[in-house]
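Asks: Heads up, here are the entries from TrEMBL:
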{"type": "MOD_RES", "residues": "224", "note": "N6-(retinylidene)lysine"}
{"type": "TRANSMEM", "residues": "20-40", "note": "transmembrane segment"}
{"type": "TRANSMEM", "residues": "52-69", "note": "transmembrane segment"}
{"type": "TRANSMEM", "residues": "89-106", "note": "transmembrane segment"}
{"type": "TRANSMEM", "residues": "113-131", "note": "transmembrane segment"}
{"type": "TRANSMEM", "residues": "137-158", "note": "transmembrane segment"}
{"type": "TRANSMEM", "residues": "179-198", "note": "transmembrane segment"}
{"type": "TRANSMEM", "residues": "218-236", "note": "transmembrane segment"}
Ligand SMILES: *C/C=C(C)/C=C/C=C(C)/C=C/C1=C(C)CCCC1(C)C
């Protein structure tokens with residue numbers, strides 16, 4: 001009911017130069033299409049890979065629902081839907097940490113690895129929310145703390161325990177792990193850039209201001225859908241080896 005209303009509501013206000021609205025719209029459709037793709041492919045995988053694909057679908061599905069809300073919020077208020085944005089991330093980023101654990105489970109990954117990554121991601125997002133929505137005059141400080149948690153995640157997967165497990169497993173798991181690591185190093189680095197465009201700090205005189213939402217929306221499409229497709233490709237390859 002609610003989502004039908006959202007569909008009906010927005011079209012009357014669409015403005016061709018509203019890039020934020022445009023990327024919210026395209027983003028919501030892309031997330032929905034990706035979710036359908038992952039969910040409908042589930043039956044082709046055996047139980048060992050099904051969980052990974054299910055989580056890929058959950059990530060894009062949770063994002064799709066949030067994008068409907070964010071899109072509506074944007075069209076009604078022409079303001080960043082920061083609250084929905086961070087709720088979305090708080091649910092989906094820990095699930096991406098779960099994905100790292102799931103693909104490394106074959107190499108003997110322990111739950112503690114997963115919890116370490118989840119904990120760091122929650123610290124990264126909560127402190128980011130503080131800077132962007134609560135203590136806005138200290139955005140640079142909170143963004144810096146958030147950045148430390150981000151670098152911890154980068155360290156753990158590129159050089160720490162996760163990396164060792166990926167090397168021990170080798171083959172397609174190592175290759176996919178490496179691609180996911182690039183997503184985190186390059187794809188996730190787009191977010192702090194958006195944050196700096198939308199908040200005031202020492203960086204403002206260097207990079208100026210801009211639309212946070214366009215940057216976040218592009219980053220989300222790359223990171224949520226692309227990340228899921230890497231997992232999907234790995235599952236397809238592993239499945240072909242076994243059957
Ligand atoms: C699907 C959503 C994803 C992958 C979101 C990722 C978000 C980040 C990596 C955010 C990082 C931030 C910093 C590293 C510093 C400034 C504050 C944040 C939260 C934007």
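Glycine is no exception: its Cβ is also placed from the backbone N, Cα and C atoms.
TrEMBL entries are annotated by machine, without manual review.
Walk me through the surroundings of each of these features.
Replies: Packing around residue 224 (N6-(retinylidene)lysine) is summarised by its Cβ count: 29 other Cβ atoms lie within 10 angstroms of its Cβ, all protein chains included.
Long-range contacts of the transmembrane segment (20-40) within the same chain: residues 10, 13-14, 53-54, 56-57, 60-61, 63-64, 67-68, 70-71, 74-75, 211, 213-214, 217-218, 220-221, 224-225, 228, 232, each at least 6 residues beyond the stretch ends and with a Cβ under 8 Å from a Cβ of the stretch.
Away from its own ends, the transmembrane segment (137-158) comes close to residues 97, 100, 113, 116-117, 120-121, 123-125, 127-128, 130-131, 177, 180-181, 184-185, 188, 192, 195-196, 199-203 of its chain (Cβ-Cβ under 8 Å, at least six residues beyond either end).
For the transmembrane segment (179-198), same-chain residues at least 6 beyond its ends with a Cβ under 8 Å from one of its own Cβ atoms are 80, 99-100, 103, 128, 131-132, 139, 143, 146-147, 150, 153-154, 157-158, 163, 204, 207-213, 215-216, 218-219, 222-223, 226-227, 230-231.
Non-local neighbours of the transmembrane segment (218-236) in the same chain are 23, 26-27, 30-31, 34, 38, 41, 45, 49, 52-53, 55-57, 59-60, 63, 92, 96, 99, 103, 172-173, 176, 179-180, 183, 187-188, 190-191, 194; each lies 6+ residues outside the stretch with a CB under 8 Å from one of its CB atoms.
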Asks: DSSP three-state call for residue 224 (N6-(retinylidene)lysine): helix, strand or coil?
Replies: helix
